[in-house]
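Novice: Okay, here's the structure, questions in a sec.
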Amino acid sequence: MPPPLKQRELTPEEEQQEVEVDFPEFDKSPAFIHVLLLNKTIRLFFVLGLAAIVIPAFAYLFFFSQEIGHAPKHQLVGTCGHPTLYHIQCGFGNISQDECHRLGCCYTSLSTCYHSLPSEHQFRLEGDWQDGAQLTPTRNLTPYLKSSVPKIRAHLGIVSQTRLQLSLTTVSAESTREQLPTEQINVIETDELRARVYSPTFFVEVKRKSNDEIVFSTARGPLVVSEGFFEWTLHLGVDILFGLGEAVLEPGRKYLLLNNQNVSAVPVVMGYNMKTNQFNGVVFNTPGLTEIEIVRSRLIVIRAQFTGHFQLELLPGPNPADLHRQLKTLAQNHYHPPFWSFGVHVCDESLNASLATVRSDIETMLSTGIIFDSHCLNDDLFWLSSAMSITTELEEAVGLLSNNSKRFVPSVVMVMEPTGNPAYTTARTNGLLLRSAYNIASYRGLVRNRTAVYLDWRTERHEMTLWLQQTWSSVRNLNGAGYSLKEGSLRDDGNKTYPSRSQLTYLPEALNSSIADLIRWDTKLSDSMDMAVKSQNRMGPEMMRRVLGEVGEGVLVISGAYDLRTKAAIVAQNVSGTWISLRNEVNRAIGLSVAGLSFIGTPVCGNARDNVTEELCIRWYQFGSLLPLFKVSEDRMPHRFSMFAQRIMLSTIRKRYALVEYMNTLIMTDSAYLRPMFYHYEEARNYTAELWEQFMVGDALLVAPVLLPQMTQIDIYFPETFYELWAGDELPTNDVLQYAVVESDLPMFIRPGFVVGLRQISDEVMAIDDARLQPMFLVGAMSCNIRKTKCDASGSLVFANGFGLEFRVVLEQELTIRIRLLLENETLKESACSATQKTLSGEVLFVQLYGHPNRTEPLAQQLNFDLCQLTGTETERVYSFPNNDIQ
């Protein structure tokens, strides 16, 4: 149960203010300028200067501009003279001045039709505010020439002591008779936020209690609700925005949240206030087609298919780590599959490839020493409608993988062929399929050159649960080590028509290019006459939720369909092999990590069945090696390229294996995986605010992948003294460096004050399981005090829940290194150290330290630590070395 609402008694002065103030953000205390104007001389010059500016401006506005006022018969509610930064499009584009004024909006030839400020399109609160109060529209006709809904109900409440929730719901005839609480709540407070509802025009304003700064407001734009459509403008009080699955949100752009092959709904927007140096954000639900516009003033305009309910939650921050923690609390999406999931996953994605051809290629990879850990055989082999019988040929191919310590991870196409198979027949009989817009028959599309029908995954009917239990038993019979789910986002390659204004209230600019890959927009749901586009963003996540219920915990499941609550390994589908796509994948990976989705990957070299250059594939291997999931198409494996590229790609994979314990630690601790530079260095915002070409991996590592062709040097910003990870070269502090690179380089640097544990990977290591049996070594960069009399660094590794190591390095008169065993369950250590079935090596051979105050070369010391040799109750080893160089 959520905590009860906090009610604060108002003073008589505040009660008077409640009555007098109609709109938020206009009730301000006297500015400091009023104090200055008490001086007569200053007042004279100020008045003359003001007149010199204001009189010509108003003369222009009244005599030359079309901006002031509407048609005479309209009563002016807001002003049209506000800056263009705050202009929000009113209705459809390219309408006449008379049409614009009839809508109650403002008009100029440059900005066309836009909303006044405050907008005339709002909802009114009759009487005092109370949670669940009913609101009525100020205008019965919306700017989209559709009638407003007659009533909506507003709810504002506390979800936890840090989060507020705001929702709007349409009011049915039955719900109008509901008894509402009669208690009036004027101010709602959490530990950090204070929210206030304004009337008679309904506005919500939220301020941070610590500094009275606005972190959320609905007063700067319209609220439009009609049958099937919703538009609302939100203001977060920030200067820089990020979210929606991207590292940076550009003002002036529109973002379409549509769960197709490349874009999934990640409906969270966060931002940074450069005045207060604080972060905050908002999460909202988007079940259907949704467009997010970022106005140049950083206003957020949401235009969405409306299903009768819209809800959002506020995230107070005030720093990026707090935002991440709040998102994780909200999403509950911690996902940590088996350790082997960090390996290299291969899939033959060619159409109509025979098992004999696939087997021949696997034999080639094994004989030539190509590193990989799992194989899907072919991603077109298993459909939900397939019998999935274990033929002799399939059994031999799976046996080839097993005999060489490789895992079988089958791809399952999550649509069906309408060929009379039992799965299709049962789904059709029980009404579980999406229906055609023109009749009651199942909708038929084209997937992988085959006719396909689609399941309505979001239906709550019990028949869907029973159907999936029966159908998934065939998939389970394949005995796969994990599963890769394909076509979970209702893909359709067939010809289709596109909607018009008479069919959809609002048509986003990017709509046609997005739905070109999807089923027809007017496809009907299985259990109602509603269009699937209203629930498009629910289909993939609901499919994932149901499948994960069948699979259970602790299994690798790879998917391209997801939302904030999905617990799976995430990789985009249908990504072309271009430099632009590589850059987009970097941006997407950072955005998903910040939003709390950690076990992510990229389709290395793309997966759209197009050509790719060798240089691009090398760079993509380097970036992909940093992510938890490393998945690559068979035709883009190292042996498909020159010997030069093959050596670089295999070396990149071995470096990935060296870093795998650090990567696993980030996943086990549910930390933000990739982090934009402002995550740790917001004070350097002039450099880091919109910098995403370089990023942090966890707390300790800075990486700057090469993302453009034929580069010999790239610009890297170092907010403090970093050290090159492998060799220890010191980089300048607070400076942009032109860093020289060659084709084999992935620039990676360690942050001062941190220690990273790495596996010592030899050329003989061919799989992730072997990598974990290799000994470790430590690389650290010391952080020293101003006088350089004391330097230290620390770090940790987590092997499994309740099992890991903690490192501490201190340099004073001597060098002291402490390695502490973290162990909650003795059986974990026994399993790891078993003589017959050892699962990992606990050896730490040596430490390599950078940043010594009196020497430029790295400081290396032998340790020869082994957690398996700790005896009795011993949990810590301390190593001390004389340091004659300290003065």
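Cβ coordinates come from backbone N, Cα and C, glycine included.
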Novice: Cys106 has a disulfide partner in TrEMBL; which of Cys80, Cys90, Cys113, Cys347 is it?
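Specialist: Record-based pairing for Cys106: Cys80.
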Novice: Check for me: which candidate out of Cys100, Cys105 does TrEMBL give as the disulfide partner of Cys90?
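Specialist: It is Cys105, per the disulfide annotation in TrEMBL.
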Novice: Around the C-beta of Cys106 (disulfide bond), how many further C-beta atoms are within 10 angstroms, looking at every protein chain?
Specialist: 29
Novice: For the disulfide-bonded residues listed here (Cys80, Cys90, Cys105), which one has the lowest count of neighbouring CB atoms within 10 Å of its own CB?
Specialist: Cys80
Novice: Expressed to the nearest Å, what is the distance separating Cys90 (disulfide bond) and Cys80 (disulfide bond) at their Cα atoms?
Specialist: 12
Novice: Return only the integer: C-alpha distance in Å from Cys80 (disulfide bond) to Cys105 (disulfide bond).
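Specialist: Between the Cα atoms of Cys80 (disulfide bond) and Cys105 (disulfide bond), the distance comes to 8 Å.
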Novice: Using DSSP, what's the helix, strand and coil tally for the domain 'P-type' (78-117)?
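Specialist: Output for the domain 'P-type' (78-117) reads 9 helix, 9 strand, 22 coil.
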